[in-house]
Each structure stands twice: as C-alpha cells, then as structure tokens.
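A.B. asks: Relevant sequence annotations retrieved from Swiss-Prot are reproduced here:
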- Glu141, Asp143, Asp150, His155: Mn(2+) binding site (BINDING)
- Asp143, His145, Asn147, Asp150: Ca(2+) binding site (BINDING)
- Asn60: N-linked glycosylation site (CARBOHYD)
- Asn76: N-linked glycosylation site (CARBOHYD)
- Asn127: N-linked glycosylation site (CARBOHYD)
- Asn201: N-linked glycosylation site (CARBOHYD)
- 1-15: signal peptide (SIGNAL)
Amino acid sequence: ISITFFLLLLNKVNSAEILSFSFPKFVSNQEDLLLQGDALVSSEGELQLTTVENGVPVWNSTGRALYYAPVHIWDNSTGRVASFATSFSFVVKAPVASKSADGIAFFLAPLNNQIHGAGGGLYGLFNSSSYSSSYQIVAVEFDTHTNAWDPNTRHIGIDVNSVKSTKTVTWGWENGEVANVLITYQAATEMLTVSLTYPSNQTSYILSAAVDLKSILPEWVRVGFTATTGLTTQYVETNDVLSWSFTSTLETSDCGAEDNNVHLASYAFI
C-alpha cells in the first residue's frame with residue numbers, strides 16, 4: 001500500500017494539500033481502515049461489506065469501511081474546494097438475480113459519522129428517504145433493488161443528503177461480474193462524474209451532476225464505502241470491494257517568491 005499526505009510549497013505557485021492512498025488488495029487487521037457494522041476483510045483479501053455465512057449472503061446486513069485519515073475537502077480560510085479522483089473495483093453477486101438487494105455506495109461524510117437507519121435501501125447512511133441538510137453526506141450509489149423512492153430500474157445515482165438521488169442513470173448490473181469504477185470531482189466546475197465499466201463485456205455507464213461540496217459537507221470528511229442487503233430473507237447479495245485508490249488535491253495559498261522548497265506537512269504515511 002502506498003499512502004501519502006503532504007503539502008507542496010513551490011516558488012510562485014499555489015501550495016497544494018494532497019491526500020493519496022492505494023489498496024491493490026486488502027489485508028486482515030487493516031489498520032488504516034475503520035470498519036463498521038458487518039464489514040470485514042476476507043481471507044481472499046477482499047473488503048466484504050455485508051455478511052456471508054457458509055458461502056451464502058445474509059439478509060438485513062449493513063457494513064461500512066472508511067479510510068482513517070480525514071480528507072480536507074474545503075478550506076474555510078480561503079474558500080477553496082478540493083478536487084478528487086477515486087477508482088475501485090467491486091463485485092455484487094446475488095444467489096437469485098431477480099431478488100438482489102440492496103447495493104453498494106461510495107460516500108463522503110462527517111468525521112464522526114456512524115451507521116444510520118435500518119439498512120436496506122437506506123444504505124446505512126440515512127434514517128429515512130427524506131432530505132435533511134443535517135446529514136452532510138454526498139454519495140454515489142450502485143442500486144440493485146427498486147424501492148419506493150427509486151426509479152423503476154437498477155441504477156447508479158448521485159445522492160446529496162438524501163437516498164433520493166438527485167440524478168440517476170440506468171445500470172445494467174452484471175451478477176457476479178467485476179465492475180471498475182472511476183469517480184472524479186472537479187472543484188473549478190463543481191462537476192461530479194461517475195463511470196462504471198464491466199471488463200467482461202465492455203459495457204459502460206456514465207453519470208455527471210453539479211454538486212457544491214462546500215455547501216453540503218463540513219471542511220473535513222472521511223471517505224469510504226457502505227453496503228446493505230435486503231430486509232427480508234430472500235433479498236440478499238454479496239457486496240465486495242476488490243481494490244481502491246483515492247487522491248484529493250486542495251489548493252491552499254500562494255507562496256512568497258522567497259520560498260522555492262518542497263515541505264512535508266505535519267505527518268506522512270508510507
């Protein structure tokens with residue numbers, strides 16, 4: 001694993017606060033992940049977000065995994081907002097494809113955020129389907145089950161303080177196949193873009209929406225994944241993340257001409 005967090009202070013250019021990490025696979029007792037609920041790292045090196053017993057997924061399971069280091073997503077002193085990119089691979093597999101539930105999501109949330117609600121279609125992120133600015137959550141959901149607040153198909157959605165997605169695209173979920181995802185956020189345009197590709201058949205899905213992170217999130221957040229299974233015994237699936245990388249870049253302030261060195265921030269992780 002490669003993990004870095006540093007400040008670059010260069011002559012006549014903006015300084016940048018950068019957080020970057022990469023998990024090509026996961027290991028047991030992964031110290032740099034905060035596991036919540038049913039999440040664990042399997043013996044195969046996969047981040048298993050929901051419970052599997054004797055090879056069978058369990059209903060009413062909720063699990064989350066967050067990176068332990070906070071992400072400085074915007075700076076109150078300058079008003080600047082970070083850009084970020086994250087890529088990951090995951091597999092969702094249901095014993096019965098027509099009864100998949102409920103899905104997996106990547107999210108940004110306050111540092112002290114814990115599992116909310118009853119799981120199921122609320123993803124452990126929300127207490128109800130109603131909007132509330134108090135959540136301070138932005139998420140990208142990969143939804144395998146249609147709930148009352150959803151479009152009438154499996155979909156990828158961008159969620160802002162509500163499980164009711166602000167924008168969606170139909171998702172042709174492939175049962176048991178590896179999906180590769182890239183999510184980017186460009187601070188200059190406030191554009192959040194999601195792309196998902198299945199290498200097995202080269203199908204791709206793209207979704208974009210304007211999201212003002214500064215008006216939604218606190219200055220410091222954690223990033224991670226959450227997943228749930230259904231609230232009845234027949235609606236189940238596995239929700240496994242195979243790999244994950246993330247980089248955020250926050251421009252901080254202009255440097256003086258006399259400073260042309262590169263300085264490390266207060267801590268670094270190797």
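Using N, Cα and C of the backbone, Cβ positions are placed for all residues, glycine too.
Any idea what these are sitting next to in the structure?
C.D. replies: Less than 8 angstroms from the CB of Asp150 (Mn(2+) binding site) sit Gly121, Asp143, Gly157, Ser165, each of them six or more residues away in the same chain.
Secondary structure at Asn147 (Ca(2+) binding site), as computed by DSSP, is coil.
According to its DSSP assignment, Asn60 (N-linked glycosylation site) is coil.
In the three-state DSSP reading, Asn76 (N-linked glycosylation site) counts as coil. Listed in sequence order, Glu219 are the same-chain residues six or more apart from Asn76 (N-linked glycosylation site) with CB atoms under 8 A from its CB.
Long-range Cβ neighbours of Asn127 (N-linked glycosylation site) (same chain, at least 6 residues apart, Cβ-Cβ under 8 Å): His116, Gly117.
According to its DSSP assignment, Asn201 (N-linked glycosylation site) is coil.
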A.B. asks: Taking only the Cα atoms, work out how far Asn60 (N-linked glycosylation site) lies from His145 (Ca(2+) binding site), in Å, as a whole number.
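C.D. replies: Here the two Cα atoms are 14 Å apart.
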A.B. asks: For the recorded Ca(2+) site, whose residues are Asp143, His145, Asn147, Asp150, find every other residue on that chain with a C-beta no more than 8 angstroms from the centre of their C-beta atoms, and list them by sequence position.
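C.D. replies: For the Ca(2+) site the neighbour list reads Ala101, Asp102, Gly103, Gly121, Thr144, Thr146, Trp149, Arg154, His155.
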A.B. asks: Excluding Glu141, Asp143, Asp150, His155, which residues of the same chain place their Cβ within 8 Å of the centroid of the Cβ atoms of the recorded Mn(2+) site?
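C.D. replies: The answer, listed by sequence position, is Gly103, Phe142, Thr144, His145, Thr146, Pro151, Arg154, Ile156, Gly157, Ser165, Thr168, Trp171.
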A.B. asks: Determine the minimum-neighbour residue: among His145, His155, listed as binding-site residues, which Cβ has the fewest other Cβ atoms within 10 angstroms?
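C.D. replies: Among the binding-site residues His145, His155, the lowest count of other Cβ atoms within 10 Å belongs to His145.
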A.B. asks: Per residue, counting other C-beta atoms within 10 angstroms of the C-beta, which of the recorded positions Asn60, Asn147, Asn201 reaches the highest number?
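C.D. replies: The most densely surrounded of these recorded positions is Asn60.
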